[in-house]
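**Q** Annotated ATP binding site per Swiss-Prot: Gly146, Gly148, Lys149, Thr150, in sequence order, evidence recorded as sequence analysis. According to Swiss-Prot, the region 'Domain I, interacts with DnaA modulators' annotation covers 1-73, on the basis of sequence analysis. Annotation source Swiss-Prot lists region 'Domain II' at 73-101, citing sequence analysis. Annotation comment: Swiss-Prot describes 102-321 as region 'Domain III, AAA+ region', evidence class sequence analysis. Annotated region 'Domain IV, binds dsDNA' per Swiss-Prot: 322-455, in sequence order.
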Amino acid sequence: MEKYNYIWEKILKEISKIYSDEVFNETFKNTKKVYKYENEIIFILAENEFIKNKIYKIYLSKINEISKSFFKENLNFKFITKKEIKEEKIDNTNYNIYNYGNLNKKYNFKNFIIGESNKFAFEMSKKISENKEIKINPLYIFGNVGLGKTHLLHSIGNKIIKNNKDKKVLYVKADEFIEDFINQLKEEKIENFKLKYRNIDVLLMDDIQIMSEAKRTQIEFFKLFDYLYLNNKQIVITSDKNTSELKNIMSRLISRFEAGLIIDIKKPDFKHRINILNQKMYEFEIKKIKINKEILELIASCFVNNIREMEGALLRLFNYIQTYSNEIDLNIAKEILKPLLKGKMNNFKNKSYKKEYLEKINIIISSFYNIEINELLGKKKHKKYTLPRHISMYLSKKLYKFSYNEIGKFFKKNHSAISKGCKKIEKNIEQNTEFKKSVDFIIKKIKSKEETEEI
């Protein structure tokens, strides 16, 4: 242990030279203890989950860089919290190298947030992990990046091992599998490769689509797949594509995937995203930090593509709050997240920002038509005022998906009046090329303002 404490102390010393005292004290002050060295991994005790994730996301590459420059060897660092030690009792357990050497214990079924978009994938994954009889084989889960596929893979592995510590579970990313195969091939140790991957009970393969350009590896994986399948070993595969969309993957491999159960994971809906954010706040263990409902709604509304985007936004807020303040409001949150929010604010459904959008749209339109804002919003029936007024209604609907009722409240008009105004503009655009050019120009101005001010 003395050797590894020295290594970590040396790395910390170099980190303190690179970063400010504020950054160092905030992140590394309480990460001075090496917890243990096991399976060629140096375990460092982190203050909490938030600090641990922060180090992984921001500083791990620098830590590895410093390590290589001073010690001339590839050292593996893993950060662990007291909570994880207590829950898993990892200090008293000697797991098979196939298992906890490559499974992430923070992923489990308990902290996987279920919604309509992932419910079936969750249920089938759990069923596989609990059943001794293999009935679903292979299980193929696909969906966009950051929707929880990897979480489910690790959850399956962790649950199987918890139920039966003698089970040999191997989680591997497709790119790691390819690299391993190539290295063993070069060193003429292909039998070692086969022994490693065939001497298992469960194979969890992540991101199979990466194998698309690795023809030789595909052949070897096909042989492995058949060997495991025929010997009644469980196989679970994830991808960002459905089997029908996989390109440059051998047809006989695809047919093997399609012989099992194929499940997709879709994007989570708004309510589901809020639940995920609440879970992330709990995981980060930041008890004194307050993030109100409006701010969570901001994140959930704007970051809709994947969970990692939301987590990144939440981490950014935590960093700011931890450094400067224990509490922030919506306006401050919007400013902190500004670099991440470009082109996304139109998704935000908060009432105050809806008003802000409409106001800024009207500033651009009134300037273009050389009329006053109060005239644009007024009741004058002259075409000079009604045309830009209707354009504002139309663009509020088209660009920002406001409902007729929402637009009506702003203009003090009923649903029918807003609907008629929008339809008039649609008709004019179809019939009048010059008018269409004017509307397109206004849209361009609005989007330009969006990029510079992030309305």
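Indices start at 1 and increase along the chain as displayed.
Cβ atoms are placed via backbone N, Cα and C, with glycine included.
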**Q** Quick one: which residues besides Gly146, Gly148, Lys149, Thr150 have a Cβ within 8 Å of the ATP site's Cβ centroid, in sequence order?
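**A** The surrounding set, listed in chain order, is Gly143, Val145, Leu147, His151, Leu152, Thr238, Ile265, Asn306, Ile307.
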**Q** Report the DSSP secondary-structure composition of the region 'Domain IV, binds dsDNA' (322-455) as helix, strand and coil residue counts.
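**A** The region 'Domain IV, binds dsDNA' (322-455) comes out at 104 helix, 1 strand, 29 coil.
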**Q** Just to confirm my parser: what is the rounded mean pLDDT across the region 'Domain II' (73-101)?
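**A** Over the region 'Domain II' (73-101), the predicted model scores a mean pLDDT of 63.
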**Q** When you tally the Cβ atoms that lie within 10 Å of each candidate's Cβ, which of the binding-site residues (Gly146, Gly148) has the highest tally?
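**A** Counting Cβ neighbours within 10 Å, the top one is Gly148.
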**Q** By the DSSP assignment reduced to helix, strand and coil, which category contains Thr150 (ATP binding site)?
**A** helix
**Q** On the DSSP side of things, how many residues of the region 'Domain I, interacts with DnaA modulators' (1-73) fall into helix, strand and coil, could you say?
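**A** Each residue of the region 'Domain I, interacts with DnaA modulators' (1-73) counted once, the result is 47 helix, 11 strand, 15 coil.
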**Q** Please report the number of other Cβ atoms within 10 Å of the Cβ of Thr150 (ATP binding site).
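**A** Total other Cβ atoms inside 10 Å, all chains included: 19.
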**Q** Once near-sequence residues are set aside, which residues in the chain of Lys149 (ATP binding site), 6 or more away, have Cβ atoms under 8 Å from its Cβ?
**A** Ala121, Ile141, Phe142, Gly143, Asp206, Thr238, Ile265
